[in-house]
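Here's what TrEMBL has on this protein:
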{"type": "COMPBIAS", "residues": "47-57", "note": "compositional bias 'Low complexity'"}
{"type": "COMPBIAS", "residues": "58-68", "note": "compositional bias 'Polar residues'"}
{"type": "COMPBIAS", "residues": "69-80", "note": "compositional bias 'Low complexity'"}
{"type": "DOMAIN", "residues": "256-291", "note": "domain 'EF-hand'"}
{"type": "DOMAIN", "residues": "382-417", "note": "domain 'EF-hand'"}
{"type": "REGION", "residues": "47-95", "note": "region 'Disordered'"}
Amino acid sequence: MDILPQFKDSIRYELAKQKIDQHFAHWINLQATKSLVEKLIEDCKNPNSNSLHPNPLFTNRLSGSFSQNPNSPRRSSLTPPLSPPTNYENRLSQTTTHSLPADHSLFQTKNPQTLAEPSKPGPNIPQFYYPRGKPIDPVLSDKNLKIIATCFVKDNLKLIEFENITTQLCGLPKYLNQKVFTSAGGGETLSKSQFIKYWKSELESKTPFERFFTVIKKPNKQYIDRDDFRPILKTLMDSHPGLDFLKATPEFQDRYADTVIERIFYAVDANDDGKITMRELKRSNLYDICLAVDEEEDINKIRDYFSYEHFYVLYCRFWEIDTDHDFIIDKDDFSRYEGHTLSRKANDRIFEQIPRQFNCDKPGKMAYNDFIWFMLSEEDKGSKRSLSYWFKIVDLDNNGIITAYEMEYFYEEQLRRLEYLNQEAVPFKDVLCQMSDMLCPKVENQFTLADFYLKKSISGVFFNALLNLNKFIAYEQRDPFSQKKEISENPDFSDWDRFAMTEYIRLAMEEENAESNEVLDEEWDSDHD
């Protein structure tokens, strides 16, 4: 499968990046580096200066210039020519011994002060890279200690008394209170000295965002995995007023937690390797959303990740096609999604795990977590994750280009289905022309992922035309005015947000009608007893 090389490449990239960061951290903190930078700045201010760099060997290693010819046009005007660095010490020894008098210095000049001191004092460049975190400002440190002293009105605090430390001092959501408490060594209580030790070593030098990452992940890891979120979500469901009703149904608490976690990894885990790094977290809105959840009592107003209504839609859709309700579906079950809307070829490619590997324990089966990724991609084709998902399905030879041949391969099934339903059969050449006009690929009739990223708002039409019959028919019969009205009513909604809102209303109405019918049946039965 083509996913394995990509997976290995991502690992190699992360390892190489970490190694480069380590080397850079070491290099940037060398005294020779600081001296070199200061001298370079000074030389830029004085272009006619004849002074030498403080470390010519180091400079030449950086520039890669080892020319021995003083007349070479490639010779730097600021640094003397040097031999290769491996022979530098030997050559220096030989030159000093044989070419110069015993009382003569190699670097002696008519004006010894030229090398000893620059003509002007060099600029004082402050350190800007701190591998272990930027040192804390003493004033801010004193302020933080005062907050700690105020919160620790007694030497030992219980968990419920610790909340102000988590929110006011650490800048974290209050449902991380228990995680901070236990991470600092708390049991039934936490002493002031215990917390100060943890605060000084782990959190003080970090920003609230970095503390968020540090607190959630395991201490010996440099990433967040799925299990790291489970205790936090358990605390959230036990404490958030918008989820209070879930306490009566523990099984749905677990499903809600699974859904939130998968939605987080769908949006944040760029490599789909089950690991969220600091870099990936910074590129997401997860920290801000978690703070918003802390302030908002209506959980459904937080559409990203945490909405219960969105969970309800995902769960019900899966439940509808999981006929035996074992939370695993096969290809036949999956094909019933939204009334067999996807083509057979699309179903085959998904269950061949071309767009994404399944996490189900049973081979050839799709679990609920896998279904979440599919449905988020299906109902919102405007995100990069979704576009990549569907692009892989249509890109038969996995060469990064969708050609007219590959498009026709999928569209021929759509054409037969249109004819079977007595719908107007749009010829493939017209579809190809329309898609080219919409996406404007750089090479005619060759569509790359970059072409879709540039037109994300309309890219979904391309894949619906090839793979999704119901949505393709709906697009051909659309009312552009009503579509614009829907967008104008909720301009900040994504396609997924609009779908989930509409679908939740439909499911809620069906539930209410079912309950009403049950009441009528009971009344009918009681009247005829």
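One is the number of the first residue shown, and numbering goes on along the chain from there.
Every residue, even glycine, has its Cβ placed from backbone N, Cα and C.
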Counting by DSSP, what is the helix, strand and coil composition of the domain 'EF-hand' (256-291)? 24 helix, 1 strand, 11 coil
Helix, strand and coil residues within the domain 'EF-hand' (382-417) as assigned by DSSP: 25 helix, 2 strand, 9 coil
Which value does the mean pLDDT take for the domain 'EF-hand' (382-417) in this predicted structure? 95
